[in-house]
Amino acid sequence: MVDSVYRTRSLGVAAEGIPDQYADGEAARVWQLYIGDTRSRTAEYKAWLLGLLRQHGCHRVLDVACGTGVDSIMLVEEGFSVTSVDASDKMLKYALKERWNRRKEPAFDKWVIEEANWLTLDKDVPAGDGFDAVICLGNSFAHLPDSKGDQSEHRLALKNIASMVRPGGLLVIDHRNYDYILSTGCAPPGKNIYYKSDLTKDITTSVLTVNNKAHMVTLDYTVQVPGAGRDGAPGFSKFRLSYYPHCLASFTELVQEAFGGRCQHSVLGDFKPYRPGQAYVPCYFIHVLKKTG
């Protein structure tokens with residue numbers, strides 16, 4: 001339905017129900033350049049995530065949207081036992097390549113990487129007694145569209161993700177500030193909190209409404225690619241990514257419902273405690289849920 005109204009970059013499907021917007025490989029390649037490696041992660045993000053996991057005694061971590069593996073690599077390097085999954089094989093190949101290149105390091109030899117589908121995650125990933133922490137960051141969950149129009153697939157995916165968390169464990173999941181995007185038509189001001197890319201030249205935001213309801217947000221990226229132009233000069237690559245616009249209040253209900261209400265839930269705005277009506281407009285909302293039952 002979405003594609004008949006508005007053309008996205010969903011050129012293939014890596015796992016049933018989840019469109020792979022990186023299926024042609026080109027977007028995955030440019031995205032890898034765009035986000036960089038672990039050195040491109042902001043110091044604030046790294047300190048926050050590592051501090052949160054260590055504060056709660058987490059060791060066994062499931063990254064359910066690992067992409068090229070940049071966060072998983074950081075966690076492996078920091079001594080965590082990591083299982084990494086993604087629906088896009090084009091993205092996973094970068095993580096698999098890194099594991100192969102560093103296979104002589106015991107931590108990387110033990111790093112588990114699998115292709116998996118959020119809609120069948122409980123069958124795709126053996127959770128055992130559950131993971132100490134499950135992370136789904138970088139606006140990843142918003143890649144899952146609402147193809148049926150009732151958010152039933154969102155509910156199923158979140159229920160499966162929550163089932164991976166052991167009692168007392170954490171789910172850390174985020175989304176962009178779509179409340180601001182839908183009210184203004186553009187992304188919030190401020191730099192990306194996750195990575196410090198110097199290759200971005202432009203990001204154009206578009207909102208698609210269906211029956212007066214926001215159905216999809218698209219971000220059109222123009223990225224400078226070193227050596228892609230004539231005579232080795234920088235060139236430019238454009239690609240589009242499409243997202244479901246999760247607003248804060250409705251997503252809060254969804255994630256709490258995924259735990260059957262048995263959770264402690266806090267919301268951060270760009271790594272800081274968020275208060276509705278505050279002056280600072282965050283780029284991302286981060287939900288931290290501790291499973292209590």
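Just so you know, the numbers here start at 1 and follow the chain as drawn.
Using the three backbone atoms N, Cα and C, a Cβ is placed for every residue, glycine included.
Over in Swiss-Prot, the protein carries these features:
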type    : residues                                                     : note
BINDING : S4, Y6, R240                                                 : (6S)-5-methyl-5,6,7,8-tetrahydrofolate 1 binding site
BINDING : Y6, H215, R240                                               : (6S)-5-methyl-5,6,7,8-tetrahydrofolate 2 binding site
BINDING : Y22, W31, Y34, R41, A65, 86-88, 117-118, 137-140, R176, Y221 : S-adenosyl-L-methionine binding site
MOD_RES : V2                                                           : N-acetylvaline
MOD_RES : S10                                                          : phosphoserine
MOD_RES : Y34                                                          : phosphotyrosine
MOD_RES : K46                                                          : N6-succinyllysine
MOD_RES : K191                                                         : N6-succinyllysine
MOD_RES : K196                                                         : N6-succinyllysine
MOD_RES : K201                                                         : N6-succinyllysine
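Reported as a whole number, the C-alpha separation between R176 (S-adenosyl-L-methionine binding site) and K191 (N6-succinyllysine) equals 13 Å. Within its own chain, A65 (S-adenosyl-L-methionine binding site) has V85, D86, I135, C136, L137, G138, S140, F141, H143 as residues 6 or more apart in sequence whose C-beta sits under 8 angstroms from its own.
The recorded positions listed here (K46, K191, H215, R240) include no residue with a Cα within 10 A of the Cα of A87 (S-adenosyl-L-methionine binding site). Comparing the Cα of H215 ((6S)-5-methyl-5,6,7,8-tetrahydrofolate 2 binding site) with the Cα of every entry in K46, N117, N139, K191, these being the recorded positions, the smallest distance points to N139. Sequence-distant neighbours of N139 (S-adenosyl-L-methionine binding site) (same chain, 6+ apart, CB under 8 A from its CB) are D174, H175, R176, Y243, Y284. Here N117 (S-adenosyl-L-methionine binding site) is compared against the recorded positions K46, K191, R240, and the shortest C-alpha distance is to R240. Neighbour density at the Cβ, taken as the number of other Cβ atoms within 10 Å, is lowest among the modified residues K46, K191 for K191.
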